[in-house]
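Trainee: Have a look at this one before I ask anything.
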């Protein structure tokens with residue numbers, strides 16, 4: 001038990017340290033921007049990982065919730081005069097409610113059916129955002145009013161680096177703690193065997209639904225953060241490709257591993273930036289790196305590496 | 001043990017962000033940036049733009065550069081993703097330290113990048129279509145392609161000449177189609193146009209007979225207008241012929257102004273009219289046309305270098321690059337502020353898209369004469385003589 005707690009604290013401390021130290025080595029604010037994108041993607045991925053890695057359910061439409069969060073902070077202030085911070089919370093509530101309503105029937109589905117149902121949800125959301133151009137600005141997107149808190153206007157890559165970094169720390173802390181609660185244990189039981197979980201008295205449908213709602217709220221916050229950071233939002237962020245990207249981050253980093261989600265996000269966000277040097281071969285190399293890492297690190301980067309290292313340590 | 005692993009991995013992840021190479025900053029070059037959608041769904045726009053910029057920067061450098069300094073071009077591919085475009089925009093300014101930007105293939109990516117360039121006070125010449133880019137006018141943002149509003153006006157002008165005032169519309173729901181549809185609806189009353197029926201289709205739909213049948217069955221429709229780009233309009237055109245609607249005049253937009261549209265739509269494209277830039281009919285322009293030389297030269301240069309047919313999209317990049325180069329020559333400086341001032345003072349610049357006269361209130365500088373009304377005959381573009 002003691003070991004568990006300290007491990008959690010170490011992860012958080014290391015993450016905080018990395019966030020605090022990176023600015024000293026960044027040569028320009030472009031790096032702050034890329035790092036902020038990593039934090040935001042990681043936040044969404046940690047949420048999705050609770051659903052995928054811990055509760056063992058696939059969502060191929062997760063960008064829908066990311067989109068709700070993003071458009072909530074865009075539409076709320078622009079059309080209803082709601083303050084930005086309230087729109088942020090409203091987006092999270094909306095995401096949670098939608099996840100609850102939609103999750104109730106579709107989480108009864110299994111395997112491919114669940115994947116298809118969530119895929120449908122994602123496509124529908126992207127379609128609504130694209131066609132309701134009176135509200136959303138249509139396919140070209142819409143501007144987002146800057147977030148201001150107590151008269152302080154939150155803008156600039158530097159500021160957002162700290163805000164998103166803080167959000168990520170908070171999200172990581174919650175996810176790590178969740179692991180060790182009855183809910184977290186129920187999630188893991190679900191992941192290992194639904195039948196066994198049911199037999200020992202876990203309310204399978206309820207816990208699946210809980211995981212789905214938690215994941216939706218994470219994505220919503222990440223979406224809002226990105227919208228504020230960019231000052232502009234378009235339907236790509238709610239689209240299918242973005243859903244796939246989130247799933248890729250989770251799988252690449254390691255299912256069920258919170259640190260894995262952060263590492264996965266770091267790889268998937270920074271790699272395309274680093275590969276621009278190769279211009280025409282950029283996509284080829286990106287694909288190749290992902291394929292190779294999936295072949296040699298089947299459980300994801302973090303679980304595979306830690307297994308390898310602990311094996312070395314023992315022998 | 002386990003915690004140690006996590007630490008290592010996290011550090012590795014952090015360091016990865018620094019992996020991007022830091023280009024050496026030479027004093028004797030002028031750095032111009034560009035973010036284009038060279039891959040992805042908008043690659044048919046971005047690819048010719050990318051090639052055009054590379055061809056002409058090489059040409060300019062071979063001829064001695066601008067004011068004795070060579071141009072260094074930094075191009076990033078956003079893959080059609082506005083969020084990526086924005087990151088690259090930050091990179092161009094913060095890391096590459098460019099003094100100006102010619103790029104932004106789609107309206108979505110342009111709109112996402114505008115705040116970055118406005119904040120940094122770096123001139124940004126966009127290659128995107130929609131009018132939102134320059135309306136309202138932003139101090140550092142310019143653009144070269146005609147707006148969708150102008151395309152609507154040109155079509156309505158032609159309809160008015162033919163005494164047709166009751167129209168049906170069928171538009172794509174993609175960015176281009178939706179934006180142009182909105183502009184058409186807005187300017188229709190100015191030309192006395194009545195839109196009797198307004199249909200739409202998704203960018204990936206493969207059959208539009210249902211929408212067209214509705215238009216066909218609407219009494220009094222004298223002409224049909226189809227704002228859209230990509231494959232959609234070609235399918236609409238085919239369906240239009242299949243339903244035997246060719247007796248009703250049919251208008252496409254400048255969004256289909258490439259040879260591939262005629263190839264895709266085949267014989268069904270006969271008689272379709274559309275507004276397009278002079279570039280498409282360069283060889284058919286009269287000798288005294290002021291754009292004749294520019295468009296034939298560009299066509300020749302592009303086609304001999306790439307062995308591919310020229311498109312108007314690459315032409316937008318040509319216009320953007322030379323607007324910038326001319327402004328730099330006049331300013332005789334690489335100070336972004338001075339370059340911006342000179343771009344705004346552009347008068348009588350002859351580009352592939354038209355003759356550009358910028359002002360403090362007009363950061364596009366084209367008028368309706370920049371568009372030519374074309375009709376497809378015998379599988380090729382033909383100029384519609386004015387008054388017919």
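Easy rule for this one: first residue shown is 1, then count along the chain.
Glycine too: its Cβ is placed from the backbone N, Cα and C atoms.
Per TrEMBL, the features are:
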TRANSMEM  A:9-26  transmembrane segment
TRANSMEM  A:32-51  transmembrane segment
TRANSMEM  A:58-76  transmembrane segment
TRANSMEM  A:82-102  transmembrane segment
TRANSMEM  A:114-138  transmembrane segment
TRANSMEM  A:158-178  transmembrane segment
TRANSMEM  A:211-229  transmembrane segment
TRANSMEM  A:249-271  transmembrane segment
TRANSMEM  A:283-301  transmembrane segment
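Relative to the rest of the structure, where do these features sit?
Mentor: Packing against the transmembrane segment (A:58-76) from elsewhere in the chain are residues 44, 48, 51-52, 82, 84, 86-88, 90-92, 94-95, 98-99, 114-116, 118-126, 129, 135-136, 142-145, 147, 212, 215-217, 219-228, 233, 235, 237-240, 242-247: each is 6 or more residues past its ends and has a CB under 8 Å from a CB in it.
If you look at the transmembrane segment (A:82-102), the same-chain residues 6 or more away from its ends with a CB under 8 A from one of its CBs are 64-65, 68-73, 75-76, 121, 145-149, 209, 212-213, 215-217, 219-221, 223-224, 228.
Non-local neighbours of the transmembrane segment (A:249-271) in the same chain are 11, 15, 34, 37-39, 41-42, 45-46, 48-49, 52-54, 168, 172, 175-176, 179, 188, 191, 286, 289-290, 293-294, 299-304; each lies 6+ residues outside the stretch with a CB under 8 Å from one of its CB atoms.
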Trainee: Check for me, if you would, whether the transmembrane segment (A:32-51) reaches the transmembrane segment (A:114-138) - at least 3 Cβ pairs under 8 Å, residues 6 or more apart in sequence.
Mentor: no
Trainee: Using a Cβ cut-off of under 8 Å, list the residues of the same chain at least 6 residues beyond the transmembrane segment (A:158-178) that approach it.
Mentor: 8, 11-12, 15-16, 19, 23, 29, 32-33, 35-36, 39-40, 42-43, 46-47, 49-50, 54, 184, 187, 214, 218, 221-222, 225, 228-229, 258, 262
